[in-house]
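A.B. asks: If you scroll down you'll find the structure; I have some questions about it.
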Amino acid sequence: MNQKPTPTLFQKLKLPKRVWVLAALYWLASLGHSAHNAEFLVFYPNLPQEITRETVYLGWALMTAIGLVAGAFSVLGLGVLAGLCLGFYGALGTGVLAYYAQAHWSEYTLGANMTIWAQALLGAAVATAALTVAIRAVVRGPRRHRSLAARQHSSR
């Protein structure tokens, strides 16, 4: 039996539990930061007037949707795509460091600084962990189950 190899991006890969734990912690950090930002918007210096309470929550919901898509890919067994998507989701979290381009860190409240750094650091951790797993799987290429490969080899 000649079995066609699965394309690399669609190969089955189970993301390690630690990646999902980091993703859950990152989700909490992003929720915490977004809620703090939305509810205390007036205390964030030099933000454009277009940023409102509603746009903050909408941005958080759209970002979270990317994480949910990663979860759906994982449930469907598309682990490499899940890892790439989760990596992108985490990388988005580092964008909160752009607040410091708007104003010096000392102009933000302690709560703002804490939520900014929690989201940025956990986002970077999720991106690193998820992308490392996904890229390693892509570099190794599609793998067949050992017993199948052994059976095919022994039948020759």
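Glycine is treated like the rest: Cβ placed from N, Cα and C.
Per TrEMBL, transmembrane segment is recorded for 58-76, 81-101, 116-139.
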A.B. asks: Please indicate, using numbers and ranges, the residues of the same chain that are 6 or more beyond the transmembrane segment (116-139) and have a C-beta under 8 Å from a C-beta there.
C.D. replies: 8-9, 11, 13, 15-16, 18-19, 22-23, 25-26, 29-30, 32-33, 70, 79-80, 82-84, 86-94, 96-97, 99-100, 108
A.B. asks: For the transmembrane segment (58-76), what are the same-chain contacts with Cβ under 8 Å, counting residues 6+ beyond its ends?
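C.D. replies: Tertiary neighbours of the transmembrane segment (58-76) are 14-15, 23, 27, 30-31, 34, 82-83, 85-86, 88-89, 92-93, 130.
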A.B. asks: State the residues, same chain only, that lie 6 or more residues beyond the ends of the transmembrane segment (81-101) and have a CB under 8 A from a CB inside it; answer 'none' if no residue qualifies.
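C.D. replies: Hits for the transmembrane segment (81-101): 9-10, 13, 15, 19, 22-23, 26, 29-30, 33, 44, 63, 66-67, 69-71, 73-74, 108, 112, 116, 119-120, 122-131, 133-135, 137.
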